[in-house]
């Protein structure tokens, strides 16, 4: 069951283009930091990192573009995949009562776990950044251990 669309979308030429696109988007995401000067050394995490208090508007944009939009896209894609997994058996045998196969459920569960891990790993840092951007004085009241833990 190998789709012709897959061969067309993921040809060697297109795959190289996708890799170049990912790197170009990465550079595009980093460049604004140079102009806003938002990369600074933070002694709490012993690293040069994104300073959330430099520009509230910029921090909000970073959280939206780098966290909220990807979460929305991934949620939409996973829902579409799951709906397709549920609908395919009904299309093949419309009069029968299809059951979800164990491997289909396992695949969905794996995708869901990956999504949850992405959200769990990135949410604390992004929500702290969003809170600091909306209420800059809140930055001093965030416990150091919470801020440090959000990086790991």
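Along the chain as shown, residues are numbered 1 onward.
The backbone N, Cα and C atoms fix where each Cβ goes, glycine too.
As recorded in Swiss-Prot, the features of this protein are as follows:
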type     : residues : note
TOPO_DOM : 1-13     : topological domain 'Cytoplasmic'
TOPO_DOM : 35-58    : topological domain 'Extracellular'
TOPO_DOM : 80-111   : topological domain 'Cytoplasmic'
TOPO_DOM : 133-144  : topological domain 'Extracellular'
TRANSMEM : 14-34    : transmembrane segment
TRANSMEM : 59-79    : transmembrane segment
TRANSMEM : 112-132  : transmembrane segment
TRANSMEM : 145-152  : transmembrane segment
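DSSP labels the residues of the topological domain 'Extracellular' (35-58) in these numbers: 5 helix, 8 strand, 11 coil. Mapped onto DSSP classes, the topological domain 'Extracellular' (133-144) shows 7 helix, 0 strand, 5 coil. Proximity of distant same-chain residues to the transmembrane segment (59-79), defined by a Cβ-Cβ separation under 8 Å and at least 6 residues beyond the stretch ends, is recorded for 29, 38, 50, 52-53, 111-112, 115, 118-119, 122-123, 126, 129-130, 132-134.
Tertiary proximity for the topological domain 'Extracellular' (133-144) is limited to same-chain residues at least six positions away from its ends with a CB under 8 Å from its CB atoms, namely 44, 52-53, 56-57, 59-60, 63.
Per-residue pLDDT, averaged along the topological domain 'Cytoplasmic' (80-111), amounts to 73 for this model. Residues 128-129, 132-134, 136, 139, 144, 147-148, 151 of the same chain lie 6+ residues outside the topological domain 'Extracellular' (35-58) yet bring a C-beta within less than 8 angstroms of a C-beta in it.
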